[in-house]
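Asks: If you scroll down you'll find the structure; I have some questions about it.
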Amino acid sequence: SDSDHYQWLQVDFGSRKQISAIATQGRYSSSDWVTQYRMLYSDTGRNWKPYHQDGNIWAFPGNTNSDGVVRHDLQHPVIARYVRIVPLDWNGEGQIGLRIEVYGCSYWADVINFDGHVVLPYRFRNKKMKTLKDVISLKFKTSESEGVIFHGEGQQGDYITLELKKAKLVLNLNLGSNQLGSIYGHTSVMTGSLLDDHHWHSIIIERHGRNINLTLDRHMQHFRTNGEFDYLDLDYEITFGGMPFSGKPSSNSRKNFKGCMESINYNGNNITDLAKRKKLEPSNVVRVFSCVEPHTVPVFFNATSYLEVPGRPSQDLFSVSFLFRTWNPNGLLVFSNFADDLGNVEIDINEGKVSVHINVTQVKKNRIDISSGSGLNDGQWHEVRFLAKENFAVLTIDGDEASAVRTNSPLQVKTGEKYFFGGKKKPKQISHSFQGCMQFIHVDDQLVDLHAVEQGQLGSFANVTIDMCAIIDRCVPNHCEHGGKCTQTWDSFRCTCDGTGYSGATCHNSIYELSCEAYKHLGKTSNYYWIDPDGSGALGPLKVYCNMTGNLWTTVYHDLQMQTSVGGNSLEKLSVLQLNYSATMDQISAITSSAEYCEQFISYSCKMSRLLNTPEGNPYTWWVGKANEKHYYWGGSGPGIQKCACGIERNCTDPKYYCNCDADYKQWRKDTGMLSYKEHLPVSQVVVGDVDRPGSEAKISVGPVRCQGDRNYWNAASFVTSSSYLHFSTFQGETSADISFYFKTSASDGVFLENLGNTDFIKLELKSATEVSFSFDVGNGPVEIIVRSPNQLNDDQWHRVNAERNVKQASLQVDQLPLEVRKAPTEGHTRLELYSQLYVGAAGGQRGFLGCIRSLRMNGVTLDLEERAKVTPGVKPGCSGHCTSYGMYCANGGKCVEKYNGYSCDCSKTAYDGPFCIKDVGAFFEEGMWLRYNFHSPGTSMKDLVSRTLLSSTDPETTAPDLNLNKEELSFSFSTTKSPCVLLYISSYTQDFMAVLVKPSGNLQIRYSLGGTKEPYNIDVDHRNMANGQPHTVNITRNGRDIVLYSLPTASDIQFNSPKALFLGKVIEIGKIDQDIYKYNTPGFTGCLSRVQFNQIAPLKAALRPTNASSHVHIQGELVESNCGASPLTIPPMSAATDPWHLDSGKTGSIMILIPISLCLLCLGMHLSASFYMRGDRYICLS
């Protein structure tokens, strides 16, 4: 026999059987065996269906020799009478040789046929059916895309309907609505696709109250109905196969079901059996208890197919019609040449439309184009009818005569001998062959006998399959997560993630950071940000305010106004105040559960309105928190204690009560405090009770939820021996898996984590000092992705790893190195099936990991490494040495302080503030205002150790015990429009001084007097006007005689003796003062000063922030904090359009103005730190 791709072996079991496995062998003791095959099955020996697995038409691996048996257990059993084995490939040194064994068991079911007219009613014994639970199951097959499978309804408005719409299954359910409209119970759920394939599909609907499980062909969908009712109230009957005859007028447009059903079961009643035994009313209806098969013969085309059929030649009427279905937007449908070289006709699907091109050779205008329809590549059956005759052509889609497209262009028609469908024998002449199915093919008004074509009696074909439509909907179930939109072609699908907040091939990865802590480490400042606490998990992103100053706070707001009034002769005994947050309760719970500490302010202002009354009695007012749980304690108190803060502290207005409001005074009183038991937060409702008496009034205030710390971000474990590991439950990531973590190590290799199945596995490891590997096997053979770093990864610094695997692709990224991607095969296994425990830090028989792993997240869930490490030998909770990786973020002399779960920046010895010591601390000085910083505290001696340490330079070796300075570092920024003035003055207990002045001309001058010379030593920095309102930065460094690039005169002393005080704005000092300084001192400095630092002293910061040095400061006038003297950033921030983290934050915001400065210099005696860039014809100095 021939060995080609048109051979098959068919088995007839005589009746339908349930098939569970198949085994193959080659021909005995030969070179003939099949290496790959497909399995088709059917009830009738026609309309074959290929076996599907993992979303594909499955190709079974066959034999590798002639005698070995290869068995495959089917992923899901198949019910069929006929099985056909189609060889795809075979041993190249032999021919097709095949022995098969099919395993399974008997199958029996009652079948009933529905003709689209007669329905099957099941009437209730008591005329009404009120159920809390329902179980409805059945199987169906149909060729129709529309039809009601069953329907039941009640007079109260309840209903349940299961129907087909566009070959998808739709369940409509309503457990009750009310007439006022406040309860809307209608719920509609859609599932499945391509259910009009005339193959069996199974449905199970399980309902308990509002919880529904809808299972279609083993794919279960869980949902809850809308509304508030639990019972389904149906009247009289439930009908199968369509709407009842007494249906409402609105239901008349719904088509009845046409096809077959079997094993119909309604709440334990076998409906098909009752119908067969004529136990259902009306019993006199004639029913068919076998499946009436349709007469359709589909034909399946792949990318290299064609079907050639003969027509009736030399006719003056050209006529073709057919039905097609496809996912591809483009492809050739029909091609035929006219006789006598009159031209040809080509019918295509083009961008979802059907286009007809008539090439005419006898007239000047040699091409006629018409098109109709849109979106016809939706997988549904669509009918095409095209007719052409002399000077006339018409194209009709889906029988819609009203929108048929006609042309009266000059045309001469004479039909040819051959019609090609789906492609041509010479494919080079066409651009797009057709991938899809066709049926009901008519040529010249004759139905084409496709079975005759299959048997070689008519026409010819290549690479088509007759009597099968192997179409697959790759978007059902939808692999696009988080609401991503799925689109598909015949071979693949694509996810569009726009507007979802997620990215990646399957919209799996959140585009937002997990927490405010993560934004902080990207250098972000306080603002509103979107965060996604569970990453790729089911919770969506939410908008929070991240306060980065000091301790980092994450804040979630609600809509309840502060001091909301309640009562005042209210008729209602209880007033309920609802708080609506900018996030769901589950999202807020994700924040509170990972936080170190959370709090929420709550306040009750009262006038004759009691709050809790007594610890023993029922409270008048309470609040509702997480999981709708009521709480009877108030702010400042704790769970289980029915008291307010004053009751805990024993300072209530009336000592007989435990709340100020419980005294029931006619004057306004208040009970306030923080709710800080985070397991109870957030407050979702406040119920106020004692406001229904005359004169009773209350005001409620509830602050936003504020949380501090992120335990997930810093959750770490240290692996101290190579044999140590942590184990967790099996990782569940069958079709979509993401793994992210940080690691740091000094070892050159080690396994981060591993999880095994029978043959499947997933593993991440450090393969060498510069390589990270992500390897896995889902059944198609091992795959390994490696990222190679140009730098060493075992440098004891934190490095981030992100790995992802889904049905489309796998990827690996390390730090900010390029993403390595590996596409998944178009066919083959897609499910990752794991069984062992997940091992972190080691793998069987391999060298374990030495070092730290932090913030390990798998599919959005953080694994608690610290908790598991506490009970695991060889592993320690936490990880030290965060400053080695993150210390560089502490800027401007800030010191990195190691913490158990992270680090912080100590800015106390800098003139800056903020989490990274980059926020300028500055102030606006009005005319006549001044600030004095005394270098020793009042009442202490000059030998004060603290003063001596701060006043000295940062080098401890130069600390002089008598506080005579050999070196200084002074830096600040300023802006002013008035001159002359004294910017800064440092006095001493001797005649020594130092000053920075703006002269009458606006020039900047540095003035030193250290003794040894008659006159002070002056450095004129620049001859340009600095009193121009722009910010300028001043940095002065003296070391002995050297002042940056200049030197003091030889006669001058080099010690600054006994410094006494530093003045800003104006000099108020007793004793002799330099004449120019005295002259410039009136009326004083007006403008802004910022980040003033003299050695380790920051006088402005000491004045504006309560620190240990605040007692050294004396201020005359009101000091107003402002950053108007701060220099702009050297690198401007990203624009809103380019910054992915930028958010519109309502009315909050900041404006940065870059102002042109004519010149910035590095001068003799001082340097102005500056950067330049060109903007138009001006230089901009960001100093």
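Just so it is clear, glycine is given a Cβ too, placed from its N, Cα and C backbone atoms.
Predicted automatically and left uncurated, TrEMBL annotations should be read as such.
So TrEMBL lists these for the protein:
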type: DISULFID; residues: Cys852-Cys879; note: disulfide bond
type: DOMAIN; residues: 1-105; note: domain 'F5/8 type C'
type: DOMAIN; residues: 111-291; note: domain 'Laminin G'
type: DOMAIN; residues: 296-469; note: domain 'Laminin G'
type: DOMAIN; residues: 471-508; note: domain 'EGF-like'
type: DOMAIN; residues: 507-558; note: domain 'Fibrinogen C-terminal'
type: DOMAIN; residues: 715-879; note: domain 'Laminin G'
type: DOMAIN; residues: 880-918; note: domain 'EGF-like'
type: DOMAIN; residues: 947-1124; note: domain 'Laminin G'
type: TRANSMEM; residues: 1151-1174; note: transmembrane segment
Asks: Which sequence-distant residues neighbour the domain 'EGF-like' (471-508)? Criterion: at least 6 residues beyond either end, Cβ under 8 Å.
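Replies: Answer is 52, 55-57, 191-194, 197, 219, 300, 303, 325-329, 379, 435-437, 530, 532, 536, 540-541, 735-736, 738, 804, 806-809, 826.
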Asks: With pairs closer than 6 in sequence left out, are the domain 'EGF-like' (880-918) and the domain 'F5/8 type C' (1-105) joined by 3 or more CB pairs under 8 Å?
Replies: no
Asks: If you average the pLDDT over the domain 'EGF-like' (880-918), what number do you get?
Replies: 82
Asks: So if I exclude everything within five residues of the ends of the domain 'EGF-like' (880-918), which remaining residues of that chain have a CB under 8 angstroms from its CBs? That is, six or more out.
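Replies: For the domain 'EGF-like' (880-918), the nonlocal Cβ contacts are 517, 520-521, 523, 525, 548-550, 552, 596, 709, 711, 713-716, 718, 744, 796-798, 852, 950, 954, 971-972, 1091-1093, 1096, 1098, 1100-1101, 1105, 1107.
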Asks: Near Cys852 (disulfide bond), which residues of its own chain have a C-beta under 8 A away, given they sit six or more steps off in sequence?
Replies: Ala716, Ala717, Ser718, Phe719, Phe743, Lys744, Thr745, Cys879, Gly881
Asks: Would you count the other CB atoms within 10 A of the CB of Cys879 (disulfide bond), including those on all shown protein chains?
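Replies: Around the Cβ of Cys879 (disulfide bond), 25 other Cβ atoms lie within 10 Å.
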Asks: What is the three-state DSSP composition of the domain 'F5/8 type C' (1-105), stated as helix, strand and coil residue counts?
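Replies: Each residue of the domain 'F5/8 type C' (1-105) counted once, the result is 0 helix, 63 strand, 42 coil.
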